[in-house]
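Noted in TrEMBL for the protein shown:
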type     : residues : note
TRANSMEM : 12-31    : transmembrane segment
REGION   : 50-78    : region 'Disordered'
TRANSMEM : 107-127  : transmembrane segment
TRANSMEM : 147-171  : transmembrane segment
TRANSMEM : 192-218  : transmembrane segment
TRANSMEM : 336-357  : transmembrane segment
TRANSMEM : 377-402  : transmembrane segment
TRANSMEM : 414-438  : transmembrane segment
TRANSMEM : 459-484  : transmembrane segment
TRANSMEM : 490-511  : transmembrane segment
TRANSMEM : 555-575  : transmembrane segment
TRANSMEM : 587-606  : transmembrane segment
TRANSMEM : 751-775  : transmembrane segment
Amino acid sequence: MGTAAAAAADVVIPACAAVGIAFALWQWFLVSKVKVSAYAAAPDNGHHGGPVFRMEDEDEDVGMGGGHDDDEEEGAGDRNVAEARCAEIQSAISVGANSFLFTQYKYLAAFTAIFAVVIFLFLGSVHRFSTDSRPCQYTSGRTCKPALANATFSAIAFLLGAATSAVSGYLGMRIATYANARTTLEARRGIGAAFTTAFRSGAVMGFLLASLGLLVLYGTIKAFGLYYGDDWEGLYESVTGYGLGGSSVALFGRVGGGIYTKAADVGADLVGKVERNIPEDDPRNPAVIADNVGDNVGDIAGMGSDLFGSYAESTCAALFVASISSPGAGHDFAAVAYPLLISAAGLLVCLVTTLLATDMCKVRTVRGVAPALKLQLVVSTVLMTVAALVVSFAALPANFTLFDFGEVKQVKNWHLFFCVAIGLWAGLAIGFTTEYFTSNAYSPVRDVADSCKTGAATNVIFGLALGYKSVIVPVFAIAVSIYVGFTLASIYGIAVAALGMLSTVATGLAIDAYGPISDNAGGIAEMAGMSRRIRQRTDALDAAGNTTAAIGKGFAIGSAALVSLALFGAFVSRAGVADVNVLDPKVFVGLLVGAMLPYWFSAMTMRSVGSAALRMVEEVRRQFAAIPGLMEGRAAPDYARCVRISTDASLREMMPPGALVLLAPLLAGTFFGVRTLAGLLAGALVSGVQIAISASNSGGAWDNAKKYIEAGASDHAKSLGPKGSDAHKAAVIGDTIGDPLKDTSGPSLNILIKLMAVESLVFAPFFAAHGGLIFK
């Protein structure tokens, strides 16, 4: 049975990845059928030196008020003009995003090359770069490959993970910038067509990333296996470098992209909305293009790399623990590859779920947008539960043994099914809790909006309180997952629980990417001077997208907590630490310092956003003062200068936080030893999760409170508005404070706790052999 099951696994895993890639390409083809053409007949309105965005013009009814009241009134000429403007705006956003990512990736290429050498030198020095075979650490009586081979293959795996993470971010950015204007143009046909285009575009990103990650990891295992042969212990130890590479790039992508987007967003909002009282995404605002570029490099490319890192790390942790179990010792590939099979099944489940939204149960009204997205979460969770049950009984033996922490634990296949299921449903609970605290359909956000009546101070107080309260349910959900996972299958149970939460990552990413695409679509509609009805449709998509983005961050943070704990367990096992006793002063010192690191990291990223936003505000003010006719719409602003400010600031400011995260485990392990490092990881995990959840949800609530007032969809909202009222200005200030919390510091913290843990796992042999210089 083992040989047949292994052969089946070798077929199923790459086949599912291929199906996922094919489905993504098919969705991309469907999106491409919406044509965006720059018509030569488009008037230039007398403006030169910049894109032809929406300006007041005596010959066209597309002034600052929003154009025609009804899009059905547009003639062929108006449609051609709108398409030409959309094409130009899309091109400007795409060029800015491409320029930033290519520049960022040049820096990251140099970093990954240097860090790969560091990995090789540290791990190779464990046994003085010996080429002699050595006794296996976990399987007695067997001989494993030389330590030098592990150092070499760990460095190669690191480079592969970094490359895959970079490609994931780039592909996500490409499809987002390809789809934003198409979503805008489809809004002319109705809310359903626009939703389908935006969601299909998000699905392209989700399926490409999930399929690519699965395929490259499977290919890496098979390629490395040609050298390692029967040495599965060394094989899966070296593969952990793949997760380290993915998270390293994700950290810089998240921090750099977050600084970029929030510097532009804060600058655009403070001067445009508060000082000049002009609408969001108004083309007169010099920072508007940089703001829209930031949505793609931060919320799309950054999130893509982030969730890829979580997937890679959870899979690598599970594979490593499985390799030292009885299936690993018996070379049962189907059982060891159980994490890969769960991910493969998740792709098929997400495919069915996506078709449900785009083809079977189409959105037809504005009210149907949010329920359609919520249905994706529920259906994918239910179907994945069934799929996990099938995979668990098909791939795993009825009984097997796990070896970790020096103990032997008997595990049944249904135990692992429950571990996957608890991770899945905990993710759903976190998602719904996040929605409750960040959607303006519920009382928490409406209470925050109501607090704006008495000014910005009370708005900030209510928003902070909401964020702190929103931590309660997610932490309990994570705690239950940890307890159930560890009770049933020790540290392996926690690893597969994390994988369960990420098994529907294709759908999660589709929902998350839908938000920034819709946000960009609304901005393009505003800048292109399209009709008020089209703007209302894109605003409805954007409002739902804000909540889904918050849900995506909740999933990322929740999975990061489980992934980090699984990596922590693998590190303790690989480093040979029998127990972690908090009464040990070496451990407690690490615990305190580790709990402090998320605050230090947040301070660095918040200050980076603040200093970059300060320069952006000064530049926007300068242009309004120095360019005659800009406020009246008779002259075009210098968008490129604001894009350059965000690019330069993000590339410069992303280095110190990244250095903090990467150096902390290296310094702690080298100078203070593995026990202090274990405390450091535990402290960072416990405090980092709390801060990340509260920061993300406070920021999301402030954002949607502002949009609630702007939409004026209820009597209560109308009593707080309209735009430009004192309550609205207070809401804008709250939103501005929340921007770096929800899009820079908060999301980056989950990478901090994962990256520190996986880095410690990769370098564990060095720390165990040579660490603790000071305490020794």
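From the backbone N, Cα and C atoms, a Cβ is placed for every residue, glycine too.
The structure displayed is predicted, hence computed values, not measured ones.
Here the transmembrane segment (107-127) sits apart from the transmembrane segment (490-511); fewer than 3 CB pairs are under 8 Å, leaving out pairs fewer than 6 apart in sequence.
Residues of the same chain lying 6 or more positions beyond the ends of the transmembrane segment (414-438) and with a Cβ under 8 Å from any Cβ of it are 338, 342, 374, 377-378, 381, 384-385, 388-389, 392-393, 396, 444-445, 466-467, 469-470, 473-474, 477-478, 480-481, 484-485, 488-489, 492-494, 496-501, 503-504, 546-547, 550-551, 553-555, 557-559, 562, 696-697, 700-701, 703-704. Using the rule of three or more Cβ pairs under 8 Å, pairs at least 6 apart in sequence, the transmembrane segment (751-775) is in contact with the transmembrane segment (555-575). Sequence-distant contacts of the transmembrane segment (192-218) (same chain, six or more residues past either end, CB-CB distance under 8 Å): 13-14, 16-21, 23-25, 27-28, 30-31, 34, 160, 164, 167-168, 171-172, 175-176, 178-179, 182-184, 186, 239, 242, 246, 300, 304, 307-308, 311-312, 315-316, 340, 343-344, 346-347, 350-351, 354, 357-358, 362-364, 369, 372, 505-514, 517-518, 521, 537-538, 541, 545.
Proximity of the transmembrane segment (12-31) to the transmembrane segment (336-357) is established through 3 or more Cβ-Cβ distances under 8 Å for residue pairs spaced 6 or more apart. With a cut-off of 8 Å between Cβ atoms, the residues of this chain six or more beyond the transmembrane segment (147-171) that come close are 101, 105, 108, 112-113, 115-117, 119-124, 126-127, 129-131, 134, 205, 208-209, 212-213, 216, 220, 224, 227-228, 234, 237-250, 253, 300-302, 304-305, 308-309, 312, 762, 765. Beyond the transmembrane segment (459-484), the same-chain residues lying 6 or more positions past its ends with a Cβ under 8 Å from any Cβ of the stretch are 418-419, 422-423, 426, 429-430, 433-434, 437-438, 444-445, 447-448, 451-452, 493-494, 497, 501, 554, 557-558, 561-562, 565, 689-690, 693-699, 701-702, 705, 730-731, 733-734, 737-738, 741.
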